[in-house]
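K.L.:
Below you will find the structure I want to go over with you.
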Amino acid sequence: MLVDSRPTRALTSMLLLVTCLFALLSSVAAADDSKVIKGYDFNGDIQKLDIAPRPSLYSGGFADCLRGGSLFNFSTFDVAYYSDTDEHTIFFYLNGASNIRKESLALHLSIQAYGETRFNMTYDPCKAHMDTLCPLTSDNRIAAFAVVPLSADDVAGMPQVSMGIPDFEGFARIQIFANSTQTEIGCFQAVMSNGKTLSQPDAIGTTVGIFVITAILASFITAVYGVSVPHMRMHYAHSFSVLVVFETFQYIFFSGALSVNWPSVLPAWWSNFAWPSGMFATHSLVSSISSFTGNVVSVSQVGGAGSVPINNNGGLTQQIYGRASDTSGEQPSSATDLDDYAWGGEPNTPGMPMPGTWPGLPGTLSEVNIPPAEAFTLALIWFMVMIGLVVVLIVLFKLTLDLMIRLKLLKTDGFNYFRSHLGGYLASALLRTCFIGFFVMTTLAMYQFSLRGPDGPTAIAAIVFLLFLVGIGGLAAYACYFRLRHGKYSTAPDAIRFESATVFKKVPFVSAIRNSERGEHETAEQRRLYASVPITRIIYTDDDPNRLTVHQDAGFIKRFGWLSARYRRTRWWYFAFYLGYQFIRACFIGGGVRTPLAQVFGLFLFEIIAFFVTIKLTAFESSRNTVVAIWMLSVAKVITTGLSIAFIADYNVSRIGATAIGLIIVVVQAFLAVVVLILAAVGIISSWMSLSRNKEEFTEPFVDMRVNYFEHMQKRTDDLPAPSKPEETEPVPVEAGFNVRNVRRAPKIEDEDELGDMSLPQPGFQAQAGGSGQRSRANSGSSRYSVSGIPRAARVHRASWSSKEFAQMQAEMISRPENQRGNRSRSNSQRLSSSNIAAVLATDSPGTSTPVRRPMTPTRESTEDARENVETTTSETTPTKQGDVKSDEKTEEPLLADKKEEETASSHQTEQVTVGNEKTDEAIVENEPAVTSEKTADKTTTTV
């Protein structure tokens, strides 16, 4: 059979044509992606280079390394290092102008990486066919580039591992010499980068901002919900502290304020946390501030020619080199063949440190493009913006609540206290904001003093410094006086003993304890005494021993809760210590920039002392705040400051070693930041549970967590001393044997009295027997009550139980594992099961003294708190998991008693036994717990 194959051939030809077309288009697209240029090398040979791909190393921002003494104005200085498996090429491009009338030049190009020179070459621009530099005249604009191939020996010093390390540390420098005088007349330096960096402010900074806003909302909502001031304070104290969040991120950023030479990786990492310290700005904002600080210069070019005053120290005299007009080089011309690569840098803002170096706070600020002279002014602007934003947001929140209540979208009355006390909340919020910004503003104010800049910014810094020091410090001192004014002070000699101790029961350690504390907690353990320092102890005695505690004093909380609300009852004054600690840190960091050794070593010793003091005080009431602020943050500060000693310039540590130490600091601070962000997210759940404290129902997966949280909250609020631990004894080796745990002797017939305990026949039975017409027999009544087959001559066991045996049997049945497991199941931690509630509510025996009440609302809580202001025990303050279990177990006891009453009735108990069982039932009812209401679930503090 013949088959026509022409359609198949036509289809195959069409497919081949389409394939070739796609291949051609792909090759054209690939050709468009590349940009090959031709340039002369230093020997005058033409070289080709594709400048479109991103180089292995390329330059960024650049500056005049003669500090304004260069006789050139460059708008472009780009250097790149292309590294392939077989080819290595250096490319550089200059664009600018000079005011030198005519001069022959020599150029020297060098690249440094991690403190060592990895490449350097001196060449004649005339041999490289750089016509605009051969010779140099003020009439021609400079536009020169070169493509220099390198051999393997030329790049042998370039560490290949550095190409993958984030934030490559190095710079490229070009030096220009005049041949006629052999003098350096130009020097420009550009930072080098490999494209990998830890500076990700858009991603990390935004994420941090979201979590910070979450922490602020979670903390604020606990402070405004409720009607009982002490109760609101307790829930607020156990939310995650916004002060701790900001202190953590401010510590991370201001770690770079020490006057040392930082490795490049650290300022890049710290730039992600610049905004919590107010260090973020746009170019236009920095330019507007520069007009006030006196740093008004053009940043479109770099050099000493033109608009920047010339500095001839080490350069040529003005008699040799005349000047052209000041506007020469202001408008850079672009080379048509060199405008396609995306990398490259711009001139640095004046006042920045030299590119490729990161000294102290200026080096840290350079990563966010903020000159050091503008740091204080910029922080003050953002602080004022924050003050206004706090006022606006709180007022908007109050208006939103009013609108929702008017539209009946919000039914709870828990926000009524906030709505009626808006002025007090505004004042507390503003003062709390100043308290959070105390460290940043005082640090930058003292840093402004050390710069010795213009009079205007310095005067404003002095005013702000006094406002914070006298204002916030004075309010803290007045808060202490207000609380302690009703009392007497006395002094007593004491001493601090440094004794041997152990950490984690095994690690040797040195503990510090006062003699007075040792007398109060005397133990039989004899510890080795290393030293004893005599001190004078101040003793405060209150005039009124029954005065309300600081956390129950509603008046004190309203005035100074923004200072003391988060601290323990016995450490309410910790805010005064904290302010002093932050002020001393600010003095070291902001005021000690001119003495690096004293600054770093002094701060390190101070952080160690503060670490032990804060651990000894353990002031925070919340466990989350204690873990972060007392332990993790203090340890991180000590580690960071201690490792920073290696960066002091006098010690001349290798830059590779400095980078390794810097990565350790990054790991420590990253771990701390992650923990803070996680706890900020957890704060949403804890605040949610606090808002639901007046609700009976709750989400099932978080029931037990809610109960444990309330129990922990009340325990920390009481702030009672921990019970003394029993002395540990060495365990006795277990030997083969057995233990008798319980022995119970069963009642015997011989234990009964012959007549007293014998069960008498019931009257009804006697009447029935008498009327039946049966003949009488001796002992017929006893025979009818026989319950066994023993002979008639033997004594008969009584037919009914005593109350003691009934209670014993009941206790045994309740203690069985299957009964315990059944009683432990419950539908909610705040209420009993439905059947148990019905049984308890139906039982209104004379032994129950607690009346049944409706679930409590915040308004009802306020009324009863005013009436029941005498005392509140811990067991009444919060719903407990153990209390629920006991309530469930004891609720079923009346049902069990009813069942036993039926059994005794069926066996015809005597009147005496029946009365005994009724007494047993009353005793059981008397032992029942009161019904768990919302009042007991919500009442968590002693009220005023």
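Indices start at 1 and increase along the chain as displayed.
Note that Cβ sites are derived from N, Cα and C of the backbone, with glycine treated the same way.
TrEMBL labels come from automatic prediction, so no person has curated them.
Residues or ranges marked as compositional bias 'Polar residues' by TrEMBL: 774-786, 906-917. Annotation source TrEMBL lists compositional bias 'Low complexity' at 820-836, 871-880. Feature annotation from TrEMBL assigns compositional bias 'Basic and acidic residues' to 861-870, 883-905. Under the heading domain 'ML-like', TrEMBL lists 55-199. What TrEMBL records for 1-30 is signal peptide. According to TrEMBL, the feature transmembrane segment maps to 203-228, 240-262, 375-401, 422-447, 459-481, 572-591, 597-615, 627-649, 661-685.
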K.L.:
So what's near the transmembrane segment (627-649) in sequence-distant terms, Cβ-Cβ under 8 Å and 6+ beyond its ends?
P.N.:
241, 244, 247-248, 251, 255, 258, 260-263, 596-597, 600-601, 603-604, 607-608, 610-611, 614-615, 618-620, 657-658, 661, 664-665, 668-669, 672, 675-676, 679
K.L.:
Summarise the domain 'ML-like' (55-199) as counts of helix, strand and coil residues per DSSP.
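P.N.:
Residue counts for the domain 'ML-like' (55-199) by secondary structure: 7 helix, 81 strand, 57 coil.
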K.L.:
Looking only at the domain 'ML-like' (55-199), what is the model's average confidence as pLDDT?
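P.N.:
In the predicted model, the domain 'ML-like' (55-199) has a mean pLDDT of 86.
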K.L.:
Quick test of the contact rule: Cβ under 8 Å, at least six residues beyond the ends. What residues does that give for the transmembrane segment (572-591)?
P.N.:
254, 257-258, 435, 438-439, 442-447, 449-450, 469, 472-473, 476-477, 479-480, 483, 550-551, 563-564, 599, 602-603, 606, 610, 613, 617, 619
